[in-house]
Structure formats: C-alpha cells, structure tokens
C-alpha cells in the first residue's frame, strides 16, 4: 500500500465511529500507524473515555480528538488543556463559539512543548443552507464558512474543518500553513448517508486538502484495507 504521508496527496484520518471497543480494535489492528491517523469523536469518547485515547496513543497512532468544544471561554480553556494532557495530535473546537473562546483555547496550549494542532469546525458536512436561515443567518453557506475561517485564522488556530468545495478558496486566502481537514469523503459507489457536502478523494487532492476524514466508507466495509488501498490509488 502506498503511503500518502510520503507522496503529495491528502493524509488519511480514519474516524472510529463504533459503539464498542471490540469493533473499533478489530479495525485498528489492521491499520499501520505510520500511514493512518485516527479520529475519536463524541460517541467513542463518551463510551470509552480518556483511557482508550491513551491506549491508541501507546500503539503509535496520532489521535485527532474531535469533541468540537463549544462553551464559555473558561470552560473551553480548561477542557482544551485536559485534552492536550492526553498526548493527542489534533483537537477540534467550534469556530462559532466566537473570538474570545477561540483565543482561550489557543492560550490553553501555550504551556505544552508539543501542543496538539488546534482546529476549528466551520460547518458540518450535514449542514444545508436552509439551516443558516433557520438560526437567523442570512448569508450563503460558503460566505459563512469563509467568515469563520478568517476568524479562526485571526485567532491563531492551526486550521479548520470544512466541506471540500470551499477548501480551494480557503487555501488561496490563508496559505498552505493553514491546515484543512475535510470529512464527507466518498468514492463513486459509496452511500451518502446523512452527509450532503461530499467530495471524492481525487477532488480532495485537486483542492489541496491536507487531511481527509473517512468513516463509514471504511468502518462499514467488508474489506477495509482493500477499500483504503482503492482510495489511495484514486489520489495518485
């Protein structure tokens, strides 16, 4: 299997979206930690907690703790510090939490010699434009994502989570150092599930996305390694 970390293509983060440890470890034991990153979201973290994060870290994996912190600045400061203590590689907060919250999260990492990347979530891939209007925001989804991207960049964050179609413009505006993480990656035969803003792995490469997050396409596959190989080859 080609290593996307060596070649000029998006790196792959596997979302461990399982309801139990046994199922998660069945997949983890097939993966090479020098090739793949792992994402732990709210479901797995709620079920298995900090201990599971540490176990995966000890196996040599870089962990993206995707808890999307969104609270008052002091709470986010303390939560960010606690998360960084786990030795994670990347952590997410919600960009819509505002300037003060984002700056507090960034400040929480100052004392760490090797701080995790701090990433802001702009719009979920399940998000539709009508949803903005429902909460009183009368701009397009693209404008909304760009505004939150600028806010996060101004606050010193390392990058954003955003749908793939906005990535190219964000790279142009903020440069290559500003990391883009994109979920909603599907190859042609995959089901959409509950995601609307999706792109293919090949498009992710074209848009200069740094990391792609792949969940159900892999976790629900009968042959996840074969599927991953297919995804990597599609980006060549």
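Just so it is clear, glycine is given a Cβ too, placed from its N, Cα and C backbone atoms.
According to Swiss-Prot, the substrate binding site annotation covers 17, 39, 66-75, 125, 186, 195, 215-216, on the basis of sequence analysis. According to Swiss-Prot, the active site, proton donor annotation covers 68, on the basis of sequence analysis.
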Query raised in the report: If you count Cβ atoms within 10 Å of the Cβ of residue 68 (active site, proton donor), leaving out that atom itself, what do you get?
Result: 19
Requested in this report: Measure the Cβ-based neighbour count of residue 67 (substrate binding site), defined as the other Cβ atoms within 10 Å of its Cβ.
Outcome: 17
Query - Rounded distance in angstrom between the Cα atoms of residue 68 (active site, proton donor) and residue 17 (substrate binding site) - result: 15
Query - Surrounding CB atoms that lie within 10 Å of the CB of residue 215 (substrate binding site), all protein chains - result: 20
Report summary line: Across all protein chains shown, the binding-site residues 17, 70, 73, 125 give the max Cβ-within-10 Å count at 125
